[in-house]
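Heads up: the structure comes next, in structure tokens.
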């Protein structure tokens, strides 16, 4: 009996080892989208030793992205290598060498382990991108979206690799924020999920797992909170200034809900809540706001336009 038990344990260990051996270790990463999120993801991946191709529509955008990454790296080194400026300069140079750029996504995915999409929050555009790349990426390549509001399952269904598709939701600014939400759809394989978790840890982040539910964890809690603050203000129950102060001093939040809305962008917040409202029209948490809609219509989108709930110089 003891021999049988030992044999079973050895067999189980061997099976686990084989499964682990098949798990993909991500070395080459393709990031689609050279905006703040995409550039930030490319930076942390390159800084942790991955080779990265950053893709966008024009060389002009990519030059701006690369410059932003270099400036961000220099800010990081001031803290990380405060007493060792030479080591800091070497770190910046080495990280930048790990990044190349391209305007042709199809041409660069043929040898990548992981594709991370960080483009505009538009279902059709994302679906078209994944559908196209699916034809050219190797069989082992994992696809992931950095979407904050769209369903990962719907994106995965635009490809033939639903088992090798998941969500990797980073937070802005990526180099500073430690969290990554790893989203597993009903079709995502355990091997893919574990590979995404391992990659998140490899780039220095703390991964949390969530099913493919609207908003995942953070935004599912955060967006309704911000919308409730707007409703409180709309009803005349309190001023936006007092609501912000209350949440900062009473709840210990670094920003009040209106400050945060202006920082995130009122158009982004409206897009998210409208999408969720279309999925669950009877859910009061997802009810649209007339005031938010009005501000967006007036192009008062927050800090990026100089005015939202507050004015900025």
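Including glycine, each Cβ sits where the backbone N, Cα and C put it.
For 33, 34, 35, 36, 37, 38, 56, 121, 126, 148, 172, 304, the entry in TrEMBL reads NAD(+) binding site. Taken from TrEMBL, the feature CoA binding site covers 72, 79, 148. Annotated domain '3-hydroxyacyl-CoA dehydrogenase NAD binding' per TrEMBL: 28-213, in sequence order. Under the heading domain '3-hydroxyacyl-CoA dehydrogenase C-terminal', TrEMBL lists 215-312. Annotation comment: TrEMBL describes 169 as site 'Important for catalytic activity'.
Across 72, 79, 148, which the record gives as binding CoA, the greatest C-alpha separation is 30 Å.
Remark: secondary structure over the domain '3-hydroxyacyl-CoA dehydrogenase C-terminal' (215-312) totals 64 helix, 3 strand, 31 coil, with classes taken from DSSP. Taking the Cα atom of each, residue 172 (NAD(+) binding site) and residue 148 (CoA binding site) are about 11 angstrom apart. Across the fold, the C-alpha of residue 72 (CoA binding site) and the C-alpha of residue 37 (NAD(+) binding site) stand 13 Å from each other. Note on proximity: among 37, 56, 169, the recorded positions of the record, the Cα nearest residue 148 (CoA binding site) is that of 169. Shown are the recorded positions 79, 126, 169; of these, the residue with the fewest other Cβ atoms within 10 Å is 79. Considering only the residues assigned to NAD(+) binding, 33, 34, 35, 36, 37, 38, 56, 121, 126, 148, 172, 304, the longest pairwise Cα distance works out to 24 Å.
Around residue 33 (NAD(+) binding site), taking its Cβ as the centre, 24 other Cβ atoms fall within 10 Å, counting all chains. Distance noted between the C-alpha atoms of residue 37 (NAD(+) binding site) and residue 169 (site 'Important for catalytic activity') is 10 Å. Every protein chain considered, the tally of other Cβ atoms within 10 Å of the Cβ of residue 72 (CoA binding site) stands at 22. The two recorded residues, residue 35 (NAD(+) binding site) and residue 169 (site 'Important for catalytic activity'), show a Cα separation of 15 Å.
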